[in-house]
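Notes follow the structure.
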Amino acid sequence: SRRFPQAIIVGVKKGGTRALLEFLRAHPGVRAVGAEPHFFDRCYEKGLRWYRSLMPRTLEGQITMEKTPSYFVTKEAPRRIYNMSRDTKLIVVVRNPVTRAISDYTQTLSKNPAIPSFQALAFKNVSTGLIDTSWSAVRIGIYAKHLDNWLQYFPLSKFLFVSGERLVSDPAGEMGRVQDFLGLKRVVTDKHFYFNETKGFPCLKKPEGGSKPRCLGKSKGRPHPKIDVQVVQRLREFYRPFNMKFYQMTGQDFGWD
């Protein structure tokens, strides 16, 4: 039958959510929607029945999942998910906010080559070094602020924070934590991964009798544009206090500083 998701990957954009979802789909206990439903941010007025109709059919004991990374920064999303089910497990894939912002910009640039430079968008005023927090590429990375909003509705125990960096350097280790959190047997292990040198990140080996290995699409692992060292340095300083607060809130040091 179709069920509401028991677990949702709620963030963050350009953090590694697609990789995590694809790795999870290798688990027989997980059924997930391929496309991002965007229900709790853009399509809420279509109603819960519509939302459930998007979900894959599951057998007893299987977990239904979806991922929409923009939920993490959507003010109404926590309340809306809570109203659907206060038992929903929430997964947030986070990544160094500076690299994440550059990756976000790179994605936009590939779709619209005419946009201003990264520096022009990141600063309100270059000479004073004032960062423009209204630019979404910068705003998304203030994780502590967004998490505050979620903690009004869900206790910390409902969250798992996945390191986007470790998802690349040690996919099996990070997947072990995810499977434990979801109450699943550790089926996806290091046997499932190989490192793709060209792309610079892990791919799933082909399943028994399956077709080709599953690697993320062309849009993943794009080369980033060169950004001035001083701009990167200034952004690092800007994010540092927010990162520290985020480490405190989650009890996890992600090692970005």
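Keep in mind that glycine also has a Cβ here, set from the backbone N, Cα and C atoms.
TrEMBL entries are annotated by machine, without manual review.
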Which one is it, Cys43, Cys215, that TrEMBL ties to Cys203 with a disulfide? Cys215
Mean pLDDT for the domain 'Sulfotransferase' (5-240), rounded to an integer? 94
Just how many other Cβ atoms lie inside 10 Å of the Cβ on Cys215 (disulfide bond)? 18
Taking Gly16, Gly221, Pro223 as the binding-site residues to compare, which has the smallest set of other Cβ atoms within 10 Å? Pro223
